[in-house]
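**Q** According to TrEMBL, the protein carries these features:
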- 164, 165, 166, 234: NADP(+) binding site (BINDING)
- 5-119: domain 'Tetrahydrofolate dehydrogenase/cyclohydrolase catalytic' (DOMAIN)
- 138-288: domain 'Tetrahydrofolate dehydrogenase/cyclohydrolase NAD(P)-binding' (DOMAIN)
Ligand SMILES: NC(=O)C1=CN([C@@H]2O[C@H](COP(=O)(O)OP(=O)(O)OC[C@H]3O[C@@H](n4cnc5c(N)ncnc54)[C@H](OP(=O)(O)O)[C@@H]3O)[C@@H](O)[C@H]2O)C=CC1
Ligand SMILES: Nc1nc(=O)c2c([nH]1)NC[C@@H]1CN(c3ccc(C(=O)N[C@@H](CCC(=O)O)C(=O)O)cc3)C=[N+]21
């Protein structure tokens with residue numbers, strides 16, 4: 001039987017556990033606060049940001065939301081980041097990507113206080129991760145590690161193939177998989193758009209993480225029997241019946257399910273875990289900044 005890994009359930013348990021940490025911090029008068037910054041009129045970005053705010057409310061984390069016009073000057077965004085950096089009531093900052101073309105996202109990321117950088121995209125946090133002593137683990141790959149653990153998948157000694165090498169998913173996933181730490185010690189191959197014969201690579205894998213942004217790129221014919229399949233893709237495509245749009249992953253779920261021993265669905269797989277790990281990092285950030293000990297789940 002193929003296990004369908006329930007990201008909503010794993011995320012919900014984690015949120016419940018984090019509520020206790022938030023209470024501990026609040027009792028010390030240090031209730032965590034996450035600021036999200038949205039500079040986009042993209043409906044998907046608006047949805048994610050509002051979901052993050054609902055999550056915060058559920059676990060008792062304070063939410064600040066800053067919205068900027070997509071055509072505002074880059075300086076406005078820099079100023080918002082500076083103000084949030086200097087605001088002692090804000091523990092965590094997330095600037096939703098993508099930002100408009102006239103804004104250099106790299107400059108934004110370098111400006112965020114690394115202690116408040118709960119995405120873990122600041123070069124200091126990336127460097128720490130690569131060097132093997134992460135402060136914050138990037139939310140999506142960290143969430144994937146938690147999903148694998150919840151499905152009793154031991155990564156040690158396994159062959160993992162990561163499809164995609166982005167800053168947000170592929171690269172940090174590779175870095176977590178190759179750490180000598182729980183959830184790591186996998187022998188890891190990273191594939192991208194110039195990879196020759198992707199199917200030959202994925203067929204060698206015990207664990208496939210698909211994060212290419214290409215609808216249903218990985219299908220059952222590209223998998224070894226018994227592989228564990230993690231679908232990161234969130235692609236809104238036209239519904240097959242021509243009636244509106246529907247969400248599909250980077251994996252062809254139906255054919256992949258026939259081969260996989262365990263697989264994440266879209267929606268309800270990696271997405272909810274990304275959001276839960278953001279709450280986790282916000283709690284961790286608050287604990288680090290205030291020297292208030294919490295037992296992170
Ligand atoms: N569930 C979640 O929490 C999250 C989901 N996502 C989703 O995950 C997907 C990937 O996101 P993101 O990493 O930001 O995307 P990017 O577009 O930044 O990166 C995509 C990566 O996939 C590679 N790629 C593209 N086409 C192919 C192909 N045909 N074969 C092999 N590799 C390919 C690209 O290669 P190259 O570098 O050569 O261009 C690139 O490295 C998207 O659907 C996104 O919406 C993203 C973040 C969080
Ligand atoms: N600075 C920054 N940090 C991010 O972490 C970040 C970002 N920018 N930009 C965009 C991507 C994408 N991302 C998702 C988070 C949750 C879901 C999620 O919860 N998805 C639900 C369904 C969503 C829906 O219905 O549209 C699910 O998969 O079940 C999806 C995608 C975070 N991102």
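In case you wondered, yes, glycine gets a Cβ from its N, Cα and C as well.
Since we're looking at a predicted model, the values are computed, not measured.
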**Q** Output: those binding-site residues from 164, 165, 166, 234 whose CB lies less than 6 Å from an atom of ligand 2, in sequence order; none if no residue fits.
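**A** 234, by Cβ distance under 6 Å.
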**Q** Below 8 Å Cβ to Cβ and six or more residues apart, same chain only. Which residues does that give for residue 166 (NADP(+) binding site)?
**A** 211
**Q** Which one of the binding-site residues (164, 165, 234) has its C-beta surrounded by the most other C-beta atoms within 10 angstroms?
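**A** Per the Cβ count within 10 Å, the most buried is 164.
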